[in-house]
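**Q** If you look up TrEMBL, you'll see 1-11 marked as compositional bias 'Basic residues'. Residues annotated as region 'Disordered' in TrEMBL: 1-23. Taken from TrEMBL, the feature transmembrane segment covers 37-59, 98-118, 130-148, 168-188. Per TrEMBL, the feature coiled coil maps to 283-310. According to TrEMBL, the feature domain 'FtsK' maps to 459-663. Here TrEMBL flags G476, A477, T478, G479, Q480, G481, K482, S483 as ATP binding site.
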Amino acid sequence: MAKKTTKKKTTTKAQPKAKPTAKVKKPSFKLTSQHKLIFGSLLIIIGLLLFISFLSFVFTGKEDQSVLHNFPERSTEYKNWASQLGAWVSDFFITKGFGLPSFIFSGLIFLSGVYVTLNLNKAKLRKHWIWGTLIVIWLSILFGFFTHKFDLLGGTIGFEMNTFFQDYIGKIGTVLLLVFGLIAYLAIRFKVTGESILNTFKRAKTSIKEDLKSEEKEKEPTIIFDNNLTEEAEAIKSAFEIPLEKTEPTITKHSAPTTKTEVKAENLTMEVTEKPKEETVDVPELKVEVEAIEEEKSEADNLSDKLVEDFGQFDPTLELSKYQFPPLDLLKKYDNEGISIDQEELEENKNRIVETLNNYKIGISSIKATIGPTVTLYEIVPEAGIRISKIKNLEDDIALSLAALGIRIIAPIPGKGTIGIEVPNKNSTIVSMRSVIASQKFQKSEMQLPIAFGKTISNETFVVDLAKMPHLLMAGATGQGKSVGLNAVLTSLLYKKHPAEVKFVLVDPKKVELTLFNKIERHYLAKLPDSEEAIITDNTKVINTLNSLCIEMDNRYEMLKNAFCRNIAEYNAKFKARKLNPNDGHAFLPYIVLVVDEFADLIMTAGKEVETPIARLAQLARAIGIHLIIATQRPSVNVITGIIKANFPARIAFRVTSKIDSRTILDGSGADQLIGRGDMLYTQGNELIRLQCAFVDTPEVEKITEFIGAQKAYPDAHLLPEYVGEEGGTNLDIDISDRDKLFREAAELIVTAQQGSASLLQRKLKLGYNRAGRIIDQLEAAGIVGNFEGSKARQVLVPDLVALDQLLENENNQ
Ligand SMILES: Nc1ncnc2c1ncn2[C@@H]1O[C@H](COP(=O)(O)OP(=O)(O)OP(=O)(O)O)[C@@H](O)[C@H]1O
């Protein structure tokens, strides 16, 4: 059977397809403003006429009853003020219809006229009609209840329905049904609830009580004295006779002159202030009425509320609503996961620590071990009177006696009165990405950009918010786990954030590490409008991208300013609540995470040209959701410059080879004592936390990106604002005042070396390619170097520095 019906349906559906050409133009019922005025006023008049007829029918209906059947005979005389038609229509609505409640219909028709004329909200009018009709029916049944024949009150319908109900559920049943109808009406229309009724009763009860109390009070005369008098003073006061009948509830005007009398009794001096009666003012008991005034909603608020009511909150993920987050199964499980306690190793290490310290006359009162995935922390409490610095100085000796690499001494452990000695485990366990992603901490995190880095020394999953960092500097010697660390960061975000919420800008000068992410270009990556590849491997492009990000930052600040928001979270919340109009240039803003895999390479070749925008972004971008992650193999001071360091409070150090490098990253030693393979130190400005970085292998990342890449994507990568680099413009008429600040220095360098090449400037002055090229152009314009000669270096036209000085001076004198 079911099959049959479906078949039928399909055939009927298919029918219109058979005649595709027969396109019938639907008649349009849209009224023009003039039509609306005509139609609306007609309805108003009909409404009025109906009202007049009905009203007249109440008085003349009986008289017209006998002649009604003559309708529409012209000669018959009717008493109704609207004559034949009035009498007939009224009879139809009132006697044969709903009785007196029919008046409501005339009102509804009148109202419809007003709505049409003034082009008001049709939905509301519809509501009025629905509710109006229901009220008519209800009233008609109610009125019908009190009548026993067809009469004016409830009309035929009211009477008939009453008899119908009474036959089936009796009189009581009908009354209860009517009461139910009333309750349902109040509940739906006026949002009345059981609680609100209860509250009204409660309020009424307390106000009656208060009224009663105040009345009683008014009856009792009260005496108000200035001071709280002691018993003694009380006695004196009564002796001082203030007649009771004169004292009334009073409030004294402060300006009133008062008579002071000093009374002495048993060495006690008391001042009694007598209040002159005429200065008192009777004040009725004041009741404070508290009125909570709700802030009036602005028009924009009302509009946004309505939009949210109609369409729900704005959902940024709507375009890719079917997007599925990568499942956990794509991540590998490891056999040697989970911590195994080697009791023997623990005991051995403990004994060695105690022995070594004893050799240096350091007594220990207690020792405790916390086992982590790669290291075990021995917390010792030294005996009283032992200086901490003494233990700290013995770091190397303890390491030697424990015969282990990677011993780190924390003296004292911040927040605890103990000293920590971290000793690497003989058999370290892997912290899989799967285990940290699956952890409750990560899954339930409400952070804006949660990152599951790995596990702490006490084997707890460590999750931090990149948005709070707000930028991250990552350093470590080659092969110590930086790339894995970066992948862990990106994987965390991929498992938690929808493509609409976060975009990555990936810079990978090594050209190998981040290529896997190419597959998710149209989901998660952002790029310059004119570039083909989203992952940037070319240093000159990096400069353009960084500058473009600066423009994006400025744009976003402007948007935030116009929306009166302080940060991206507030802005996006407001946008989701439809309080910001996309027509005013507002849009949902995804977070942008810039990842630079090899920063050293970049800063060596492009110098200030990357440092400046990076520093600018680092200083300002936190509020508008652009976050930087910068990794480097070479943590030397010319790579991690002061300005970069100052703006990257969150840092991660993998193992480095020297104490100096460790100091450059962490402002202290420690990174040189790590054991490598993802063993790392994390700081966000204060204490150092030792972590084992979660391990995510390349095949795992590949699976994740493949899973995402196979799904429906946006048409293109997220486009950053266009940045017009100044590479082109070889303008030979360069104004002297427009010259680069380093122009003179560059000229001297070129003249001294007698070699007109841009790369020389790049190397010696640490300039970027673009800037060096621009200076060369300026030198050419000044006549210091010759024309561009292909691959050959340009000819230097000034023989020495003296000649150069002369040339430049002549220029200035011109
Ligand atoms: N968290 C970790 N857990 C276990 N092993 C790790 C971890 N991180 C890195 N390793 C091991 O160290 C090796 C090198 O790691 P990685 O490629 O991340 O180093 P790197 O610092 O990026 O080196 P480079 O700078 O040369 O690219 C990995 O192949 C892996 O075997």
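The backbone N, Cα and C atoms fix where each Cβ goes, and this holds for glycine too.
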**Q** In the structure shown, with every protein chain counted, which of the binding-site residues G476, G479, G481 has the densest set of Cβ atoms within 10 angstroms of its Cβ?
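**A** That would be G476, with the most Cβ atoms nearby.
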**Q** Which of 98-118, 130-148, 168-188 shares the most C-beta pairs under 8 angstroms with the transmembrane segment (37-59)?
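**A** Comparing 98-118, 130-148, 168-188: 98-118 has the most Cβ pairs near the transmembrane segment (37-59).
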**Q** Name, in the order they occur in the sequence, the residues of the same chain whose CB lies under 8 A from the CB of T478 (ATP binding site) and which sit 6 or more residues away.
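**A** In sequence order, the residues whose Cβ lies under 8 Å from that of T478 (ATP binding site) (at least 6 apart) are Q633.
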**Q** Can you work out which residues elsewhere in the same chain, 6+ from the ends of the transmembrane segment (98-118), have a Cβ less than 8 Å from its Cβ atoms?
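**A** That would be 31, 36-37, 39-48, 50-51, 54, 58, 124-125, 128-129, 132, 135-137, 139-140, 143-144, 151-155, 157-158.
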**Q** Among all protein chains shown, how many Cβ atoms are found within 10 Å of the Cβ of A477 (ATP binding site), not counting that one?
**A** 21
**Q** When DSSP states are folded down to helix, strand and coil, where does Q480 (ATP binding site) land?
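**A** The three-state answer is coil.
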**Q** I need the most crowded of these binding-site residues: Q480, S483. Count other C-beta atoms within 10 angstroms of each C-beta and give me the top one.
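**A** Buried the deepest by this measure is Q480.
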**Q** Which residues, same chain and not among G476, A477, T478, G479, Q480, G481, K482, S483, have a CB within 8 angstroms of the centroid of the CB atoms at the recorded ATP site?
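**A** Here the non-site neighbours turn out to be Q633, F654, R655, G676.
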**Q** Across the coiled coil (283-310), what does the pLDDT come to on average, as a whole number?
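**A** Looking only at the coiled coil (283-310), pLDDT averages out to 58.
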